[in-house]
């Protein structure tokens, strides 16, 4: 059996080239096949900014001003065969319909409003009912919670008395009428964890999640609230072809790399530049030698960077848990510092 990793994130704007580069790198690092993006804030005329060689299939719903915006990105190796795409044209919802392993699926990216809006939930429900077919996988930032007592923290510590807001009630009705389920909550029925921190309310909430048709449950291998990923059981599909090797120019800026290359080159030509070897053969044989050395150096520095990233990610998770359990300026400062150190590595 094969698997497909699905990922959902509120990107809070992607007009910055650096933010797009970091996002694309993170998607590749996590081997994400299907990515749901919310709040892209990319206007219709600038949709080309989301182009990427690894994720050549991108389906968006944009609004004319730089606000809202949702997108679904499919990796080139993703086995989904796309048949139809429907966008609401307002940057709130986009539906990609097709088949995965011969099974009909509808992928839905959704970004909910920040304030109660009954017409939004009603119109979006009708829009999905009109265009979605087969099993539904919906990834989004809904700006509401399904069960406030467990999905929202209270700075006073009185979690069990969390009231449902009108936005929560409208969202709950929307999910119920579509017959969807919160897959992470199904797998973690009593776990308290959150995806968003409000400075104004000094509280955490779980407003980002995956909703799916009940018949998708047997296909889910795992779910993680930190990255909101899925692994779906699928029949095997052909692997994507390998890429041609290219030198990473940033590798040459690493300490000691240039000196190592010079030493390797000098040693090679001293040992092999003999009268019985023609210049053509000498040069042709040099290229795989130096490429192998560069690959070795790249793997070494990648290992060092990965160790630093892993260490900082562990620290980040620890500080997040600490801040969620006891929010304070001190814990938030420590969390921000680690997050900044991690961003500098990308």
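Quick reminder: no glycine exception, Cβ is built from N, Cα and C everywhere.
Range annotated as region 'Disordered' by TrEMBL, chosen from 99-122, 123-146, 147-170: 147-170. What TrEMBL records for the Mg(2+) site is 10, 141, 143, and among 33, 39, 177 the residue it adds there is 39. Secondary structure of the compositional bias 'Polar residues' (161-170) per DSSP (helix as H, G, I; strand as E, B; remaining residues coil): 6 helix, 0 strand, 4 coil. Residue 10 (Mg(2+) binding site) and residue 208 (site 'Important for catalytic activity') have their C-alpha atoms 8 Å apart, to the nearest angstrom. DSSP assigns residue 39 (Mg(2+) binding site) to coil in the three-state reduction, outside any helix or strand. A Cβ within 8 Å of the Cβ centre of 10, 39, 141, 143, the residues given for Mg(2+), is found for these other residues of the same chain: 12, 38, 111, 112, 140, 142, 207, 208.
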